[in-house]
Amino acid sequence: MMIGESHRGFNPTVHIPPWPLSEDLTVSDIYGSPDGGSSMMEALAELQRYLPSNEPDPDSDPDLSGPDSPIDAYTCDHFRMYEFKVRRCARGRSHDWTECPYAHPGEKARRRDPRKFHYSGTACPEFRKGCCKRGDACEFSHGVFECWLHPARYRTQPCKDGGNCRRRVCFFAHSPDQIRVLPNQSPDRVDSFDVLSPTIRRAFQFSISPSSNSPPVSPRGDSDSSCSLLSRSLGSNLGNDVVASLRNLQLNKVKSSLSSSYNNQIGGYGSGFGSPRGSVLGPGFRSLPTTPTRPGFMNIWENGLEEEPAMERVESGRELRAQLFEKLSKENCMGRIEPDPDQGAGDTPDVGWVSDLVM
């Protein structure tokens, strides 16, 4: 028999015995001690808590399950309207996008930030057909999330399921406390007068009302109050400075006008009833009025004298007093007649005090 034929008759099977665990060096550290197996299971259980899973959490309270349960930590209104599917996800590993509240590249649920892009809560008809040419510049909402998570529509209507709602992200309110009441004005028109407080609004209406009476001292009080209110509503520091400067300028003009008219009245009426010195110095030393004054004040010198030139009124000094004394002496004392001895001395006007001017 040939050697090759001897192997053709039978096929021997080799049996390898199992390696004893006591001699295995790779598991000796875990199973060598009596507590090794339990510690390994605890480590795996702790690790399982941080891995994504579709199984419900056995430790969760069934009474807390619902649309606003603590399982979803992102249920506040602000996060849902401005952060949900808007902020980019920072995770590096692959995970379930439907359970992640953040946006991912190429995700259909991605939303535009309503604080940066001005679009309404109305669904875009072109996007429903399949494609919108305007893209992110469109003024309408693209998709269900942009439409119902828009600040103008989110939780403005009650949920038909109420407390029995099991949606992970629900766009509707489940209790009266969750219903959001929208203001009357548009969110884009934050600078309108509708957002002003009732007190400021009434003050603004009173300031522009034609029946409002201005104070007698400030004839432009209504316009000043209107400008001041408008500057506060716009929040402009430059406007406040300009309004304050205009108000101070107006008050200074009013004070100057009142002071000038008061001095003219006192000077005019005092010339006939006051001391003769005041009456003599009236036409020569009267200051230039800042505003036109009414004629007709009593002054005994205005009937016989012409108005002094402007340059003469602004001059001052000893030379002016000498010229004034000479002029007064010629025009008022040349025609004076010596007193009659029979008449009393009280009828003669005393002008001796004029000599004090040249001293």
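Just so you know, glycine gets a Cβ as well, placed from its N, Cα and C.
According to Swiss-Prot, the protein has these features:
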type    : residues : note
REGION  : 207-226  : region 'Disordered'
REGION  : 334-359  : region 'Disordered'
ZN_FING : 75-107   : zinc finger
ZN_FING : 119-145  : zinc finger
ZN_FING : 153-177  : zinc finger
Check your understanding: Could you give the mean pLDDT over the zinc finger (153-177), rounded to a whole number?
Key -> 89
Exercise for review: Mind tallying the zinc finger (75-107) by DSSP state, helix then strand then coil?
Suggested key: 6 helix, 2 strand, 25 coil
